[in-house]
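Trainee: Checked TrEMBL, it gives:
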DOMAIN    24-285  domain 'NADH:quinone oxidoreductase/Mrp antiporter transmembrane'
DOMAIN    286-336  domain 'NADH dehydrogenase subunit 2 C-terminal'
SIGNAL    1-21  signal peptide
TRANSMEM  58-78  transmembrane segment
TRANSMEM  90-113  transmembrane segment
TRANSMEM  149-167  transmembrane segment
TRANSMEM  174-193  transmembrane segment
TRANSMEM  199-218  transmembrane segment
TRANSMEM  238-261  transmembrane segment
TRANSMEM  273-290  transmembrane segment
TRANSMEM  317-339  transmembrane segment
Amino acid sequence: MTNNSMKLLFLSTMLVGTILSISSNSWFGVWMGLEINLLSFIPLLTNSSNLMMNESSIKYFIVQAMASTMLLFSILLIHFKSSVSWEKMVVPYMMISSSLLLKIGAAPFHFWLPEVMNTLSWNNCLILMTWQKIAPMMVLSYCIKVEEFMFFIIVTSIFIGAMGGLNQTSLRQVMAYSSISHLGWMISALIISENVWEMYFIIYSMLSAIMVFTFKKMNLFQMNQIYSSKIFKTEMKFMMFMTLLSLGGLPPFLGFLPKWITIQLLVENNMTFLMSTMVILTIITLYYYMRISFSATIMTYTENSWSSSIKNKKLNFMLPIMTMISTMSLTCTSTLVSLF
């Protein structure tokens, strides 16, 4: 009971920190909100019975503290040069952007994200992939510029997300590299329109939540566990892979919709080369999603006799939810096709 109440307390202060950071009208308020958010999330990562989770919390704290120090130093530079216009402050702009990109784990500042996520629980992985990105990305929208630095971040994030997930056997690291790849798309959407970014983030969060809750209920952590056909039904496996392909952006699923709108807006803003590079690199991500899906659907591994008696009845409520999401994705995309 005490443990649950403590988690609820830190979860509440984490939400307050994010809201404070978003709604603040000064850079010091932004920094304060990010610090409250960080110090509230660290206790949620720790676990007395799992030393690896404690190690991840220390890694996360060191990286986030380094990013916060860089952000604070950049804020001080801006205040010392208050007579200079914001457009001419190249170094503080680069430092603020880099510190925020380090906080969300965008490439080439991604080195900590797969390592930290590899030992976390699925609930903490979901928070790290979704909620912890809201405040830094909203703050990034205040100072983002259309220039070569952001183009480099976008292409590098999608490239690292695509290549890093190819040889992974851990599902948590696959989700981490998927998150890095989606960050590239979200930053490009943020350059064009905040409304598009909000829609992209909501759809990405919803699909990630479905995948994470499915993995948690099935107690899956490694790739070879998916190949076992006797642990859960074929229908459940099929619906899970439909959501996974939707997360990868395969038409006509819901995950393709925000990518489609982002592609259209990039073309309208004469960023055709950037758009083409992003699409080509995302095909690699979609390739290993499809490889996982086809392999797990077609292949079955030999199992011991006691495995056949395992029945996971808790998964029954997930099937209609995933069916509804997948049906909705097909309906939304087909409707848009008819409109265009």
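Cβ atoms here come from the backbone N, Cα and C positions, even for glycine.
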Trainee: Can you tell me the mean pLDDT for the domain 'NADH dehydrogenase subunit 2 C-terminal' (286-336)?
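Mentor: Here the mean pLDDT over the domain 'NADH dehydrogenase subunit 2 C-terminal' (286-336) amounts to 61.
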Trainee: Restricting to CB pairs under 8 Å, which listed stretch, 58-78, 90-113, 174-193, is in contact most with the transmembrane segment (273-290)?
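Mentor: That would be 174-193.
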Trainee: Under a criterion of three or more Cβ pairs within a distance under 8 Å and sequence separation of at least 6, are the transmembrane segment (90-113) and the transmembrane segment (238-261) in contact?
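Mentor: The answer is no, given that the two segments have fewer than 3 Cβ pairs within the 8 Å cut-off.
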Trainee: Taking the transmembrane segment (199-218) as the reference, which of 58-78, 149-167, 174-193, 238-261 gives the largest number of Cβ pairs under 8 angstroms?
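Mentor: Answer, by Cβ pair count: 238-261.
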Trainee: How about long-range neighbours of the transmembrane segment (149-167): same chain, 6 or more residues beyond its ends, C-beta under 8 Å?
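Mentor: The answer is 94, 97, 101, 106-108, 110, 114, 173-174, 177-185, 187-188, 191, 274, 277-278, 281-282, 284-285, 288.
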Trainee: Which bits of the chain, at least 6 residues beyond where the transmembrane segment (174-193) starts or stops, bring a Cβ under 8 A of a Cβ in it?
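Mentor: Same-chain residues near the transmembrane segment (174-193) but 6 or more away: 104-107, 110, 113-114, 117-118, 125, 129, 133, 137, 140-141, 144, 146, 150, 153-158, 160-162, 164-165, 168, 200-201, 204, 208, 211-212, 223, 247-248, 258-259, 261-262, 265-266, 269, 274, 278, 281-282, 285, 288, 292.
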